[in-house]
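Annotated in TrEMBL:
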- 17-30: compositional bias 'Low complexity' (COMPBIAS)
- 551-565: compositional bias 'Basic and acidic residues' (COMPBIAS)
- 70-522: domain 'Amino acid permease/ SLC12A' (DOMAIN)
- 1-45: region 'Disordered' (REGION)
- 551-572: region 'Disordered' (REGION)
- 71-95: transmembrane segment (TRANSMEM)
- 101-119: transmembrane segment (TRANSMEM)
- 131-152: transmembrane segment (TRANSMEM)
- 182-200: transmembrane segment (TRANSMEM)
- 207-228: transmembrane segment (TRANSMEM)
- 248-273: transmembrane segment (TRANSMEM)
- 294-315: transmembrane segment (TRANSMEM)
- 344-367: transmembrane segment (TRANSMEM)
- 395-414: transmembrane segment (TRANSMEM)
- 420-443: transmembrane segment (TRANSMEM)
- 464-487: transmembrane segment (TRANSMEM)
- 499-519: transmembrane segment (TRANSMEM)
Amino acid sequence: MSELTSANMLTEKVPMSSSSSDVSGKAVDSSQEEEIPRPNGGVSTKTRTFWQKFRAEEGNETQRGMHSRHLMMIAIGGTIGTGIFLSAGSAVALAGPGSALLSYFVVGLFVYTVVITLGEMSSKYPVSGAFSIFGERFVSPALGFTLGWNYWLQWSLSIPSELTAAAVILQYWTQALQTWEWAIIIIVPMFAIQLIHVRVYGESEYWFALIKVIMIILFIIVGLIYDWGGVKGHPGPGLSNFHNGQSMIGGFAAFAQIFVYAFYSFGGIELVAVAAGESAKPYKAVPRAIKATFFRIILFYILTILTIGLCINHADDTLLTAAFDSSVAASPITVVFMRAGFGAAAHVVNAVLLTAVLSATNSCFYASSRMLLSLARSGSAPWVFGWVNSRGVPVPALLMSLAFAFFTFLTTIWGEGIAFTWLLNVTGISALLVWTSIGWISIRFRQAYKAQGLSLLDLPYRQPLYPLLPVGVIVLGTLMFIAQGYAAVRQEPFEARNVVATYIGVALYIILYTGYTLYEKFVLGRTGQHFVPLAEVDLVSDAVWTRPGEGDEVRARDKKEHEEQGLGEARPGPARVRRWLARHVY
């Protein structure tokens with residue numbers, strides 16, 4: 001936690017050259033042992049030589065290698081995973097189709113407002129740390145520290161769970177290898193993808209997500225045709241699953257209990273903001289991805305839950321099995337395909353589900369390494385994790401995420417499943433706390449922007465209905481947090497550990513926030529205001545543009561380049577379609 005300011009450490013620039021060079025541009029001989037200054041004083045020789053083998057050193061920056069279509073699919077890929085393919089039916093089984101639909105709608109509305117408020121800031125300040133950096137700059141260093149480590153822990157602990165899920169999927173076809181052996185086979189290529197270049201991550205995520213999108217669309221079409229009786233020899237249930245009191249079962253406690261399934265399914269939707277720091281023209285790419293999020297939530301979540309509820313009764317054995325089993329045969333998507341007459345659907349869904357898990361593992365490595373990189377460059381983590389190689393890859397941070405993943409995965413091999421489950425409970429409630437904190441950060445950002453006399457017209461993307469959306473994030477997040485605790489208390493049979501598991505994430509949040517506050521006061525000796533004064537909030541560093549009216553100039557230049565490429569005025573009909581797609585879809 002050095003005294004270095006984030007203003008100098010977090011600037012995301014495209015390097016002038018991809019060759020190995022120091023800050024001054026002079027070539028660096030990796031065979032020589034060079035003394036370099038550490039941020040906290042002193043020099044390091046051996047560490048420099050070790051990391052040079054990986055071409056990771058100070059002076060390099062991450063690269064803006066991802067395009068708009070990559071960000072679009074990252075937004076989709078981060079929200080379509082095992083939660084929607086395997087356990088979405090559990091919500092229907094526990095609370096009925098009506099309650100499940102309402103729960104996913106409420107959580108969907110919540111995460112959409114989170115993405116909008118976060119997108120306003122990340123399109124203006126595209127940094128890999130995203131809300132962690134925003135929390136530090138706009139609210140207090142303690143909040144940025146807390147959010148950063150919460151988020152890093154959340155994604156690092158997700159890696160071994162995704163590896164385990166991938167192993168279960170592969171064992172559906174063969175039992176030749178054990179779970180941990182499959183996990184090692186999978187982790188090597190996923191880690192290699194991260195080491196190559198950020199564009200490789202973006203491209204792989206693009207195709208992984210595209211496969212999942214096609215499967216979901218086919219499922220909705222086939223499911224609705226089956227439900228309406230359009231499949232010969234397979235009479236559909238129609239609306240029978242919503243009649244005779246079957247729509248909502250278990251009361252409010254059951255409704256609140258299934259919030260956890262919705263949180264799990266929507267997890268990762270904020271990855272667009274994290275990836276903004278490595279995207280080309282983030283002032284265009286981020287708003288496009290945000291605008292399409294609403295349609296993705298409706299299409300990939302609301303319609304999927306509705307289709308499951310229409311086609312499968314809440315008391316069906318397959319849904320009850322899905323609540324406690326990770327087998328693809330219990331997936332509600334597989335069940336609907338098979339009942340509609342597609343007997344080989346299990347193998348197809350299994351293959352698609354594997355791509356979903358690979359995509360999730362890919363995103364876990366990316367999100368955890370970029371957040372650790374951001375923490376190191378703001379002085380909240382060891383300085384060596386702030387180094388990147390000449391291709392813009394944070395190798396030390398990636399290796400740390402890999403080591404942490406292996407450590408937590410080994411605990412499951414050694415039989416420490418209970419401890420591992422508790423760690424995952426910590427990250428679950430932490431995600432809700434992070435999302436809710438974004439609403440507070442957004443309010444502080446707008447207040448600082450107004451206090452410093454800046455015009456909202458210079459923002460690349462402006463959230464509508466301010467301050468309704470950030471206030472709604474805080475209110476909805478608080479209510480859902482209380483509802484989860486209520487559900488844990490009312491759950492039968494009652495177990496105290498369920499209540500503790502629900503709120504243990506709060507203890508971690510408080511410990512991190514309070515610990516940094518005390519460290520800042522008694523160790524660093526900072527006795528000023530705890531919250532950053534609005535007039536002193538840094539609204540210049542990392543901004544896509546800083547001069548009033550510069551945004552209009554940049555947009556005009558982009559439009560001219562677009563027209564010169566023949567995509568503006570040539571062939572008006574197709575061009576108009578392309579412009580609509582660019583504005584609303586990608």
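Positions of Cβ are set from backbone N, Cα and C atoms, glycine also.
Long-range Cβ contacts of the compositional bias 'Basic and acidic residues' (551-565) within its own chain (Cβ-Cβ under 8 Å, at least 6 residues beyond either end) map to 281, 283-284, 457-460, 544-545.
When averaged over the domain 'Amino acid permease/ SLC12A' (70-522), pLDDT in the model lands at 80. Against the transmembrane segment (344-367), stretch 207-228 has more CB pairs under 8 A than any other of 101-119, 182-200, 207-228, 248-273, 464-487.
Below 8 angstroms of C-beta separation, residues 75-76, 79-80, 84, 88-89, 91-93, 95-98, 100-101, 104-105, 108, 111-112, 213, 216-217, 219-220, 223-224, 226-227, 236-242, 246, 249, 265-266, 332-333, 335-336, 339, 584-585 of the same chain, each at least six residues beyond the ends of the transmembrane segment (294-315), sit close to that stretch.
Scored on C-beta pairs under 8 angstroms, the neighbour of the transmembrane segment (101-119) with the top count among 131-152, 182-200, 207-228, 248-273 is 248-273.
Mapped onto DSSP helix, strand and coil, the compositional bias 'Basic and acidic residues' (551-565) counts 14 helix, 0 strand, 1 coil.
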